[in-house]
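**Q** This is the structure I have questions about; it appears just below.
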Amino acid sequence: MTLIVGLGNPTSKYENTRHNIGFMLIDALKNSNFTDVSSSKFQGELFKYSNLLLLKPTTFMNLSGNSVKAVNDFYKPERIIVIHDDLDLPFGAMKFKKGGSSGGHNGIRSIDTLIGNDYERVRIGIGRSGNAANFVLGEFSPEEKEHLAEILEYGTQAVNELIKSDIESVAQKFTIKKGVL
């Protein structure tokens, strides 16, 4: 079984913010084949199809590890893939890696604290401007919004390939270093 986690913050207040690009990609991956298997014990929205789980933690970003640990403990997936925003990559850049440090990302830090860092990551660049907290919790600019659909489509292709392949192959094929703006 593979668990794919998209990081973000719950509630409509944060729905269209940069920090929620992980949630957005989970929504793009989810189709009518998936069944909602959410439960309060998982602290998140959880969808299942065959041997694939999609998770959107509803704990707020800094406590994402609680949700990931609950699902991990219950389903015991062989593989975990976490999708998250990255301030240190230009907007629209995409990188893939296994393990490593949190890079200052509090959602990743929370997961690392509770289950370790032996999982794959899809890092989607959101760029950086001004105060980091205000920036990640801000909505995409009109110019960024013009590119969001293509970034999510590309991310969907990459994650669908990753499900069938290994992180190194996907990194070679799908890494974008420069972003779109």
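Cβ atoms are placed via backbone N, Cα and C, with glycine included.
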**Q** According to Swiss-Prot, Tyr14, Phe60, Asn62 bind tRNA; so which of Asn106, Asn117, Asn131 is the extra one listed there?
**A** Asn106
**Q** In Å, how long is the longest CA to CA span across Tyr14, Phe60, Asn62, Asn106, which the record gives as the tRNA binders?
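**A** So the maximum pairwise Cα distance among the tRNA binders is 16 Å.
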**Q** Using C-alpha atoms only, work out the spacing between Tyr14 (tRNA binding site) and Asp85 (site 'Stabilizes the basic form of H active site to accept a proton') and round it to an integer in Å.
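**A** For Tyr14 (tRNA binding site) versus Asp85 (site 'Stabilizes the basic form of H active site to accept a proton'), the Cα atoms are 14 Å apart.
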**Q** By a simple count, how many Cβ atoms lie within 10 Å of the Cβ of Asn62 (tRNA binding site), its own Cβ left out?
**A** 13
